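Peer 1: Before we start, here is the structure in question, set down as structure tokens.
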Amino acid sequence: MSARRSAIFVNTTDTAVANLVVFEVPAGTAIGAAMRELDLPNKGPEAIVCAKDAEGQLKDLSHVPETTATFTAVPANTDDGRAVIRHSCAHVLAQAVQAEFPGTKLGIGPAIENGFYYDFDAAEPFTPEDLKTIEKRMKKIIKTGQKFERRVYESAEAAAEELKNEPYKLELIQDKGNVDPNSDEATEVGAGELTAYDNVNPRTSEVEWSDLCRGPHIPTTRYIPAFALTRSSAAYWRGDQDNAGLQRIYGTAWEDKESLDAYQTMLAEAEKRDHRRLGTELDLFSFPDDLGSGLPVFHPNGGIVRNEMEDHSRRRHIAAGYSFVNTPHITKQDLFERSGHLGFYKDGMFPPMQVDAEFDEDGNVTKPGQEYYLKPMNCPMHNLIFDSRGRSYRELPLRLFEFGNVYRYEKSGVIHGLTRARGFTQDDAHIYCTEDQLEAELTSVLDFILSLLRDYGLDDFYLELSTRDPKKSVGSDEIWERSTEILNRVATNSGLELVPDPEGAAFYGPKISVQARDAIGRTWQMSTVQLDFNMPERFNLEYTSSDGSKQQPIMIHRALFGSIERFFGVLLEHYAGAFPAWLAPHQVMGIPVADDCIPHLETITAQLREKGIRADVDTSDDRMQKKIRNHTTGKVPFMLLAGARDVEANAVSFRFLDGTQVNGVPVDEAIAVISSWIGDRINDQPSEDSIAARR
């Protein structure tokens with residue numbers, strides 16, 4: 001029976017492939033065999049590397065369905081295709097490491113965003129020279145065209161016997177069935193059969209190497225056209241610092257060399273923009289060891305930027321009808337039991353504190369203490385504010401907002417500067433409304449989010465819709481279906497691209513997340529809008545409706561920046577340290593040609609300060625050119641130069657970060673230009689051309 005082919009349009013984030021091929025595979029026929037009649041590519045960036053079944057599960061091309069089934073061809077230049085290539089490349093990496101460093105034990109090796117990694121228990125840390133050696137071995141393996149062949153173990157005991165010299169694999173086999181399906185370990189074991197993948201020599205049919213793995217994989221190693229190892233680091237087995245220390249090697253793999261080159265160029269640019277490095281260079285923030293991991297402090301320069309961010313957000317929220325509240329950092333255990341957080345989120349919370357216990361003179365407890373927790377979220381406390389008095393339908397929608405400090409226990413291996421911290425400030429809102437108001441309020445909230453993000457210079461967005469994880473959720477099927485349908489409609493009506501995130505929602509409701517692309521094309525999750533029919537019920541929240549009956553409000557969780565710290569880090573990298581003038585810690589710096597020009601510049605900067613502009617004069621002993629270099633490095637958007645002619649003409653010269661200059665601008669005009677540029681919150685850096693256009 002021949003495979004039947006039909007082309008359908010698929011809503012996808014993959015720009016290279018919008019039209020994917022759907023075909024039918026007869027029972028007892030391998031997918032790859034059925035696909036041969038379709039004349040689909042097996043080389044190049046559109047080579048078909050695997051297939052997707054009707055349930056969305058990826059399958060090897062060697063997979064043989066028991067009944068006739070429909071599959072979608074998955075090209076290399078799609079997100080799914082790249083993920084399979086990267087996971088297969090991780091296997092090649094592990095094979096190469098064990099060949100070059102005999103005795104090395106295997107951890108896990110999943111595909112991750114833009115790449116892959118593999119963890120190893122090695123005798124010594126891997127050096128840059130080691131990575132070069134490993135890369136050479138990998139290229140040899142790829143060139144031989146080894147086949148990836150799936151093999152099912154007869155039993156867990158059979159797998160354990162085969163892998164008896166791989167202690168980490170043995171642990172995974174023992175844990176089969178208890179592994180989080182969303183964890184990296186699920187790459188190796190999970191639901192279904194216990195399987196291995198053998199790397200088979202195509203000439204001799206001998207197994208060159210094998211690994212415990214669920215798959216799927218590419219047909220042969222030749223389907224890895226472009227890869228690179230990027231770095232090595234220390235890691236803990238299963239991400240737990242109480243476990244064994246391992247060595248992790250990271251790599252990336254792509255559908256062609258051009259894509260790899262583009263990614264490596266982006267990586268080099270991202271390294272220059274790393275907010276941790278820029279934070280030190282620009283004296284914005286630090287992470288003192290005395291405080292502990294993931295706990296930042298903001299220096300005066302960073303404090304200015306942060307305050308400007310918060311102040312603008314505060315003004316916009318007030319104008320949009322939000323009411324500001326404030327809640328404490330800790331609370332009794334009972335509140336988080338009531339909210340459900342202890343049942344569903346305890347692993348992400350810091351351990352409790354014992355407070356108010358009483359003891360006799362011998363140290364015996366006479367009155368047990370009360371357990372308190374650092375809050376990981378603000379929503380339970382906002383519910384208490386709503387419930388502090390009777391509410392009328394006339395008060396709804398009620399929009400409560402705060403810059404609330406929260407604390408979440410993140411494993412040390414995932415902490416990353418400001419973008420993944422343990423203590424941070426959420427710009428957190430909770431909106432209580434009626435069911436009739438819900439869709440309009442969600443639409444208004446999403447519009448407000450996008451408008452405010454654009455104020456800070458982000459304007460390339462798409463949306464993700466996260467839906468229910470049946471294993472981690474509360475509430476009825478009906479409530480989840482209804483809330484998901486409403487969110488989907490609001491997201492679709494926004495006109496932005498909508499990407500599904502199956503089972504990605506929190507336990508209390510589905511959510512929309514706003515994803516923003518930065519100046520170099522990276523994607524950052526920004527805002528979240530989460531619908532919650534459940535928590536109002538847990539807190540018995542009520543309002544009096546127009547007919548006098550008591551009704552339960554619907555609750556919307558909304559974090560716009562995600563966190564102030566994270567948004568700060570994203571903007572810092574987006575602008576490569578050169579914040580827009582309205583956010584910059586130092587907005588104007590006067591640079592005299594000679595000391596006798598200092599009074600002239602001090603008069604100008606004094607007038608600017610009266611207008612609320614951050615302006616200073618560099619009176620150091622450095623020469624003028626060094627001062628220009630220093631303040632260019634310091635990302636000051638307006639540098640004002642003054643020499644004898646400027647003093648005589650009551651003028652000043654502009655110097656900009658791009659090296660351009662505008663000379664002899666009358667002082668009143670210069671002040672007006674700077675004031676309007678900052679007052680209008682223009683996010684572009686000023687330059688000769690842009691200033692000329694405003695004169």
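The backbone N, Cα and C atoms fix where each Cβ goes, glycine too.
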Peer 1: Given that Swiss-Prot annotates Cys379, His430 as binding Zn(2+), state which candidate in His275, His299, His312, His557 belongs to that site as well.
Peer 2: His557
Peer 1: Let's check the environment of His557 (Zn(2+) binding site): how many other CB atoms sit within 10 Å of its CB?
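Peer 2: Looking across every protein chain shown, the total is 22.
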Peer 1: Within 10 Å of the Cβ of Cys379 (Zn(2+) binding site), how many other Cβ atoms can be counted across all chains shown?
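Peer 2: Around the Cβ of Cys379 (Zn(2+) binding site), 23 other Cβ atoms lie within 10 Å.
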Peer 1: Please list, for the domain 'TGS' (6-75), how many residues fall into helix, strand and coil according to DSSP.
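Peer 2: Split into helix, strand and coil, the domain 'TGS' (6-75) gives 8 helix, 26 strand, 36 coil.
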Peer 1: Check each residue in the chain of His430 (Zn(2+) binding site) that is at least six apart in sequence and keep those whose C-beta is under 8 Å from its C-beta; list them in sequence order.
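Peer 2: Same-chain residues close to His430 (Zn(2+) binding site) (Cβ under 8 Å, separated by 6 or more) are Asn378, Cys379, His382, Asn383, Phe386, Arg399, Leu400, Met555, Ile556, His557, Arg558.
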